[in-house]
Amino acid sequence: MSEIGSYHDTIFALSSGRLPSGVAVIRISGPKTRFVYETICQAIPEPRHAALLTFRSRNGDAIDRGLTLFFPAPHSFTGEDCAEFHLHGGKAVVEKMLAVLGELPGCRIAEAGEFTRRAFANGKMDLTIAEGLADLIAAETEGQRRLAMQVASGNQRKLYSEWRQRLINARAFIEAELDFADESDVPGSVSMQVWQQLSALKHEIEHHIASGKRAAMLRDGLHVVIVGAPNAGKSSLLNFLAGRDVAIISEEAGTTRDLLEVKLDLGGIPVYVTDTAGLRETDSVVEKIGIERARARMAEADLVLSLEDMSGPVSVTVEKIEAETWLIGTKADLGGSASGLWKYHISTMTGSGLEQLLDALQAFAEAKIGQIEDAVPTRQRHINLLRATIEEIEKAIEGDDLPLELRAENMRLASQFLGRITGDVDVEEILDVMFSQFCIGK
């Protein structure tokens with residue numbers, strides 16, 4: 001972001017959705033907010049009370065009439081003077097208002113995430129809360145919304161701040177033993193208690209990291225891959241799950257050459273289901289590429305649905321992969337073997353077994369995710385910094401042959417790594433990347 005640290009400019013942006021709409025909200029933040037009111041409304045409304053005013057250009061022409069709210073610093077989202085203008089959501093109305101604001105001295109259009117970045121810089125939120133807001137905006141399922149709301153509510157911040165304070169307190173005891181070993185008010189050899197406390201903290205962080213895998217699945221989705229021989233009914237199953245015709249269905253074998261993916265919302269959990277090229281020996285170069293991609297996607301899957309036509313001879317062969325694999329018998333309406341090999345029997349012609357399979361997929365997803373009620377790491381940078389924290393704690397605990405000064409330094413570094421998660425310590429290099437992921441107006 002350009003000159004983002006000075007905050008001398010007053011920024012504005014459309015914060016509501018795509019135009020046209022019933023109502024459009026333009027947000028403003030910065031030192032010229034009161035000047036904007038005096039110029040456009042000829043009045044400054046009472047703080048935090050909606051006022052119905054006419055919005056005018058600098059030459060007095062009426063742009064629109066609508067509600068506006070004024071939030072004086074520091075009691076605002078950004079910590080600066082802020083305002084919201086609620087206009088009718090017509091394209092011409094909004095474009096005119098934005099053009100008028102852009103002509104005012106000291107005012108400019110906001111960059112992506114700039115409102116939230118100013119809130120962070122002014123101490124209105126930490127990095128984890130900002131990330132939670134980004135995830136809340138991006139949430140597409142109920143599970144993703146709940147997870148994002150936990151983070152945006154400050155649960156992570158409270159946990160990491162508590163851990164950091166425990167490290168700081170432990171380090172203070174060690175340094176007190178170093179500096180005041182001869183003083184009567186310093187307990188004799190407190191270091192053993194400190195190492196025990198750090199060991200307990202290390203186990204807490206390790207358990208916390210383990211829960212991050214489930215959070216990542218909820219945030220990024222589970223991946224289910226449909227495989228099988230050509231004409232086993234893979235595309236028909238994908239179309240049923242999607243609720244629409246996504247894949248071409250034909251009597252001709254090998255019509256699916258590339259990966260086809262649909263996203264499902266199963267009980268609030270995002271699940272990506274991929275149809276793949278039929279697995280067989282072929283001379284077709286294009287089909288071979290499709291089969292290679294199918295095998296690569298299988299290797300990344302959380303669950304593989306291996307389909308076989310029940311109306312033909314039983315010849316189930318399952319490729320060796322790490323993911324859980326379900327054997328699904330298809331075309332059950334045509335009869336055939338009732339072999340106990342199949343986990344489910346389905347028919348996309350009659351609908352037999354399809355709802356049971358869908359219920360089973362949801363149960364699988366829910367079992368994988370589990371109940372996420374406590375604060376969990378939701379991003380890879382959290383996990384990386386938590387692992388670095390553990391590494392420094394281990395050095396401090398296991399450094400029996402090291403001077404206490406060095407072990408205290410390990411504790412200082414551990415607390416710094418925790419501070420980087422919340423943004424309390426040395427995070428300037430990640431700010432541009434993080435806030436650029438927000439939309440304009442947030």
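Each residue's number is its place along the chain shown, starting with 1.
Glycine is no exception: its Cβ is also placed from the backbone N, Cα and C atoms.
These features come from Swiss-Prot:
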{"type": "BINDING", "residues": "Arg27, Glu84, Lys124, Lys442", "note": "(6S)-5-formyl-5,6,7,8-tetrahydrofolate binding site"}
{"type": "BINDING", "residues": "231-236, 250-256, 275-278", "note": "GTP binding site"}
{"type": "BINDING", "residues": "Ser235, Thr256", "note": "Mg(2+) binding site"}
{"type": "DOMAIN", "residues": "221-366", "note": "domain 'TrmE-type G'"}
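The structure, with features from Swiss-Prot marked on it.
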residue	record	DSSP (3 states)
Arg27	(6S)-5-formyl-5,6,7,8-tetrahydrofolate binding site	strand
Glu84	(6S)-5-formyl-5,6,7,8-tetrahydrofolate binding site	strand
Lys124	(6S)-5-formyl-5,6,7,8-tetrahydrofolate binding site	coil
Asn231	GTP binding site	coil
Ala277	GTP binding site	coil
| request: Sort out the sequence-distant neighbours of Glu84 ((6S)-5-formyl-5,6,7,8-tetrahydrofolate binding site) for me: same chain, 6+ apart, CB within less than 8 Å of its CB, listed by position. | output: Ser15, Val25, Ile26, Arg27, Ile28, Thr68, Leu69, Phe71
| Neighbour count (Cβ, 10 Å) for Lys124 ((6S)-5-formyl-5,6,7,8-tetrahydrofolate binding site) | 18
| message | Mean pLDDT for the domain 'TrmE-type G' (221-366), rounded to an integer? | response | 78
| field | Nearest-integer angstrom distance between the alpha carbons (Cα) of Lys124 ((6S)-5-formyl-5,6,7,8-tetrahydrofolate binding site) and Asn231 (GTP binding site) | value | 58
| note | Ala277 (GTP binding site) to Ser235 (Mg(2+) binding site), Cα to Cα, whole Å, comes out at 9
